[in-house]
Amino acid sequence: MKTLAIDEEQLFLSKTIFEEEVYGEGFSIIAGVDEVGRGPLAGPVVAGACILPRGKIFAGVNDSKKLTPKERGKIRDILLNDPDVCYGIGVVSVERIDEINILEATKEAMAKAIANLSVHPDFLLIDGLHLPHKIPCKKIIKGDSKSASIAAASIIAKEYRDDLMRELHQRYPNYGFDKHKGYGTAAHLAALRAFGPCDCHRKSFAPIRQVV
């Protein structure tokens, strides 16, 4: 167990290299930013922004896609209940996605998440996208697997969006949103063919246009 704890600590520290580089440049409050839900056919796109306290270990923090739902939920609870962790969430609706396209909606969700931080960051580490912003920032490809703060943001955003999709399942039980979270699985596509799209489907996405 001790070896496992040491391994998890080292893994976390290996994901703070980008943060430490930015600290070395004189910045002091670094927020990681990531989005969840660009690809699904239904539901909003959600972004998370997270500021982790420097020097504090959060074992298990990793790319949300590499964690089981149980692991992800546990780490989310640890992050949200830690008084030294600051986080913000941004949500952009299906209607807005259809209006401005998913890329611009993703950027809008990220900007909202940053604005919803209770502490003002002086530097942003952003997963995969160049985000025009007044705060200095750095784009990191696959940042959710390389940066602890981006990984934390991805976990928070993923859990938040999954909760939203479970709520949508209560309103629209025919589609199985609680299982696939809006992604284009075979079961989801079959439901679309059987029932047609509902209000929370993205009408601008090709698979939805084909059944409208």
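Heads up, the Cβ atoms here are built off N, Cα and C, so glycines get one too.
Residues or ranges marked as domain 'RNase H type-2' by Swiss-Prot: 28-212.
Listed in sequence order, the residues of the same chain lying 6 or more apart from Asp127 (divalent metal cation binding site) and placing their CB within less than 8 Å of its CB are Gly32, Val33, Asp34, Glu35, Ile140, Lys142, Gly143, Asp144, Ser147, Ile150, Ala153, Ser154. Positions annotated as divalent metal cation binding site by Swiss-Prot: Asp34, Glu35, Asp127.
Taking the centre of the Cβ atoms of Asp34, Glu35, Asp127 as the divalent metal cation site, the nearby residues of that chain (Cβ within 8 Å, site residues left out) are Val33, Val36, Ala47, Gly48, Met110, Ile126, Gly128, Leu129, Gly143, Asp144, Ile150, Ala153, Ser154, Ala157. A sphere of 10 angstroms centred on the C-beta of Glu35 (divalent metal cation binding site) encloses 28 other C-beta atoms. Asp34 (divalent metal cation binding site) counts 32 other C-beta atoms within 10 Å of its own C-beta, drawing on all protein chains shown.
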